[in-house]
There are 2 protein chains.
Amino acid sequence: MTVGDLGEFGVVNRITTRLPQGAAVMLGPGDDAAVIAAPDGRVAVSTDLLLEGRHFRRDWSSGYDVGRKAAAQNLADVAAMGATPTSLVVGLGLPADLPLTWLDALTDGFADECATVGASVAGGDVTRCDLVVIGVTALGDLAGRAPVLRSGARPGHVVAVAGRLGYAAAGWALLEAGVPADTPLLAEAVAGHRAPSPPYAMGPLAAELGASAMLDVSDGLLQDLGHVAEASGVRVELDPEAFPVGEPVVAAAKELGADPLEWVLAGGEDHALAAAFPADVRLPDGWHVVGRVAEGEGVLVHGREIGRRGWDHFG
Amino acid sequence: MTVGDLGEFGVVNRITTRLPQGAAVMLGPGDDAAVIAAPDGRVAVSTDLLLEGRHFRRDWSSGYDVGRKAAAQNLADVAAMGATPTSLVVGLGLPADLPLTWLDALTDGFADECATVGASVAGGDVTRCDLVVIGVTALGDLAGRAPVLRSGARPGHVVAVAGRLGYAAAGWALLEAGVPADTPLLAEAVAGHRAPSPPYAMGPLAAELGASAMLDVSDGLLQDLGHVAEASGVRVELDPEAFPVGEPVVAAAKELGADPLEWVLAGGEDHALAAAFPADVRLPDGWHVVGRVAEGEGVLVHGREIGRRGWDHFG
């Protein structure tokens, strides 16, 4: 059975029956719009567009992984403001010959990733397209906190990261090289490419602790911290020795003769969180200090300025 | 100059500098997420995906018209809940060879359509794609009113429409037939295909007046009222003589030897509003009674059930 066999309304029905609705959803799928609780009186909102062939490949990632990844990168954007994600809405372009098993897995991936933060897919749109296109918008609640912008880092603050770095890049390199992921560590790196595991709860926690700047690492740590440096009018100095380099990243680098730190510093799509904090903030488990904020501009590693290596979608 | 010449960050910058930010936008483009006022404590949210070749053609519609259309159909969804639109976020897939003049016109179309309701484009995402892909999400504020669902129509209520019907279908038929739009009326029909003019303010007004059900007409009036009939568990009986048929629709039908009522009843994409009201509600200018709600099911025209003619995206 394919998407084309069911038709538009059948597909919508098939998707919505697989989507549990969380407490913040006051009106779920089926009307002109969903209605989501925004108790704070403000709503944080972020959107992304994912394209088959560019952001994922159906021969490399299952529908389930694509759903988790698409949800994760938007939920992470909202968490990076210090907000708690409440819901997603999702626009889907689907080929008529797409197997329903793939669509079901995609739906389940969305639902499961949302469930990790108590959010849910509250609405969407389905249309026919020659390739799979996924437009995701995440909403979140700030619970009375000021949003944590990119522009608040000040000289003397520390720079810290939470979550995985380099996993997605290592997994991608393994897949591209055609290296079989036949050990648990290599498999973990490939799984990290297929779907990230952002440290969502660390976002609101960082805001609570007084983080002065924060973002999620989507294009690569150096490039993304470059945005913080620019928006804040400061220099970011990193100490690579301080980075927690995951064993799967080390194992993949060994397998491919690569430098794991390159993936940690320049690899994107893990959706770790990077933040600046005043130096007197006691950081809880989950946050690792990896550098500091200084007067100046740019991002320095070992005192040397590194180009903003990362991903430019039109480069 | 093309999109590819500028690169991702140049494109984002080019777009955002053309987008004025309205009062509801507490944090606009440039961070991980935007922050939008939601004074009601709830937010109405709707999303759509528009694809080049399927929902618009660059040789038939200008970038400006595509922007207005993409904005309009989502703003109308929010208005159809009785909410006042506050903002959009937009994900764009853009070919590298897309001229910047087209992108600028698209951006201006979004900005101008938003301005008609005091909303603004508060954020987005840009990625490269072989065709133009537009993911639009609209947010709106309910201002203390209950959302007007599709399911509240009851026997004895009247059915009314606000806004244009049949213009988009007539314009599309003219374009498809290659008939030059060389009179003001024909040109108006073609303009109606290129960009709709939804009666946004009629949505919150209808909610205020006690509308029992409402939706925006995106797939065709018969099909969309079929959703109301089904969701409400009622029959909708229409009186075609009661419909206000616009002069441009009449002129296009005459030109093509077509039945204007067919476009009015089955044509989509005008984003008129259709609603049910208790019979004792005095409807203000802008709403036209076109039928009534009865016991039963389906949509009847002249007492005869009409198939749900309309647009099935996988049909």
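Glycine is treated like the rest: Cβ placed from N, Cα and C.
Annotated Mg(2+) 4 binding site per TrEMBL: B:D32, B:S46, B:D77, in sequence order. Packing around B:D32 (Mg(2+) 4 binding site) is summarised by its Cβ count: 29 other Cβ atoms lie within 10 angstroms of its Cβ, all protein chains included. For the recorded site, B:D32 (Mg(2+) 4 binding site), the DSSP three-state label reads coil.
In the three-state DSSP classification, B:D216 (Mg(2+) 3 binding site) falls within a strand. According to TrEMBL, the Mg(2+) 3 binding site annotation covers B:D32, B:D77, B:D216.
Under the heading Mg(2+) 1 binding site, TrEMBL lists B:T47, B:D48, B:D125. B:D125 (Mg(2+) 1 binding site) carries a strand DSSP state (E or B).
With a cut-off of 8 Å between CB atoms and residues at least 6 apart in sequence, the same chain places B:A70, B:Q73, B:N74, B:D77, B:G135, B:V136 near B:D48 (Mg(2+) 1 binding site), listed in sequence order. DSSP assigns B:D48 (Mg(2+) 1 binding site) to a strand in the three-state reduction. What TrEMBL records for B:D48, B:D77 is Mg(2+) 2 binding site.
The Cβ of B:E269 (substrate binding site) lies under 8 Å from the Cβ of B:K69, B:Q73, B:A168, B:A169, B:W172, B:H193, B:P196, B:S218, each on the same chain and at least six residues away in sequence. DSSP assigns B:E269 (substrate binding site) to coil, not to a helix or a strand. Per TrEMBL, the feature substrate binding site maps to B:H55, B:E269, B:W311.
B:R150 (ATP binding site): 23 other CB atoms within 10 A of its CB, across all protein chains. In the three-state DSSP reading, B:R150 (ATP binding site) counts as coil. Residues or ranges marked as ATP binding site by TrEMBL: B:G124, B:D125, B:R150, B:S218.
B:D219 (Mg(2+) 5 binding site) is surrounded by 22 other CB atoms, counting those within 10 A of its CB over all protein chains shown. What TrEMBL lists as Mg(2+) 5 binding site is B:D219.
If you look up TrEMBL, you'll see B:30-140 marked as domain 'PurM-like N-terminal'.
Marked as domain 'PurM-like C-terminal' by TrEMBL: B:154-250.
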Under 8 Å by Cβ from B:S46 (Mg(2+) 4 binding site), same chain, sequence gap 6 or more: B:N74, B:D77, B:V78, B:T137, B:A138
Candidate with sparsest Cβ neighbourhood (10 Å radius) among B:T47, B:S218, the listed binding-site residues: B:S218
Neighbour count (Cβ, 10 Å) for B:D216 (Mg(2+) 3 binding site): 32
Residue among binding-site residues B:H55, B:D125, B:R150 with Cα closest to the Cα of B:D219 (Mg(2+) 5 binding site): B:H55
Distance [Cα-Cα, Å, rounded] between B:D216 (Mg(2+) 3 binding site) and B:R150 (ATP binding site): 10
Length of the line joining the Cα atoms of B:D125 (Mg(2+) 1 binding site) and B:D32 (Mg(2+) 4 binding site), in Å: 10
Pairwise CA distance, B:R150 (ATP binding site) versus B:T47 (Mg(2+) 1 binding site), rounded so that it is a whole Å: 17
Binding-site residues (B:D77, B:D125), the one with most neighbouring Cβ atoms at 10 Å: B:D77
Cβ contacts of B:H55 (substrate binding site) (under 8 Å, same chain, 6 or more positions away): B:K69
